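Per Swiss-Prot, NAD(+) binding site is recorded for 39-60, 131, and the stated evidence type is similarity to another entry. Sequence annotations record features per position, and here Swiss-Prot assigns substrate binding site to 99, 131, 162 based on similarity to another entry. Here Swiss-Prot flags 186 as active site, proton acceptor.
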């Protein structure tokens, strides 16, 4: 008796640095999909792939982890996660640059990646991680021509996770019981939605009323969330966060591969939502087998709208700079 053999799922990691290698490892642990680690740096993807592959024996999972320096190896990938690009401006100290300064360097890289994805896996769900995030998602989308619902960016899942962790630590409870969302751009003008935070379904404001947290402490947590990436950079002295960013991207990939219909905040294309058009920015969205299946619109107060507008203005200016590059 013969039957149809289902094809194994495949994820391509474009960029095999700390985030890329960690994402490969997470795929091994979760037995999520076969992995291709791609990088233009010879030796890096080969070494990371070998290390991740050997971990399958210990994890008792059956995942193929291979390496590539040529785009044809990513052919047929169901998901592509892009971390390729510079993480700091050459010749400048950590105090002399911001994520936005990476634009001219990383736009060129993203456009090259877009051509490879367009040629070899045009049906893939693409998650961009490269900074400046929202602008780089737009850059990839325009260069690749992939459908809007199949292109998004990872930042807000990470920002929201940090927000949840800080609140959980203050309340001395598990972060799994904290529901909190950060929208807007991945930078100083991100908007942690403190008003919408719940604890196992109960409004955080009820805990504040009972003295479990003060309004001042909540405001402090909001500001810490905005600076959380920089806090890690300063503590490390070299490099930046990679465990939480990697898990954030894999969570999004899993939602697509398993059609989980997860509500996850991420950089998505706006078609009138929040009064925005033709731009990518961080908003809560439903991720399932159809990619970005729905963008969720929340009611914002006047103050929240003003904060969100600052995020929008940041992205608009970056998009103008992107267009000026030609």
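Note: Cβ is positioned from N, Cα and C throughout, glycine not excepted.
Overlay of Swiss-Prot annotations on the structure.
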| residue | record | CB count, 10 Å |
| --- | --- | --- |
| 39 | NAD(+) binding site | 23 |
| 42 | NAD(+) binding site | 9 |
| 45 | NAD(+) binding site | 27 |
| 48 | NAD(+) binding site | 25 |
| 51 | NAD(+) binding site | 15 |
| 57 | NAD(+) binding site | 9 |
| 99 | substrate binding site | 24 |
| 131 | substrate binding site | 25 |
| 162 | substrate binding site | 24 |
| 186 | active site, proton acceptor | 27 |
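Residues 133, 155, 158, 159, 186, 187, 229 surround the recorded substrate site, their Cβ atoms falling within 8 Å of the Cβ centroid of 99, 131, 162, which are themselves excluded. Of all the binding-site residues in the list 99, 131, 162, the shortest Cα-Cα distance to residue 57 (NAD(+) binding site) is found for 162. Between the CA atoms of residue 99 (substrate binding site) and residue 51 (NAD(+) binding site) there is a gap of 30 Å. Considering only the residues assigned to substrate binding, 99, 131, 162, the longest pairwise Cα distance works out to 18 Å.
With respect to residue 42 (NAD(+) binding site), the closest of these recorded positions in Cα terms is 131, chosen from 131, 162, 186. Comparing the Cα of residue 186 (active site, proton acceptor) with the Cα of every entry in 54, 131, 162, these being the binding-site residues, the smallest distance points to 131.
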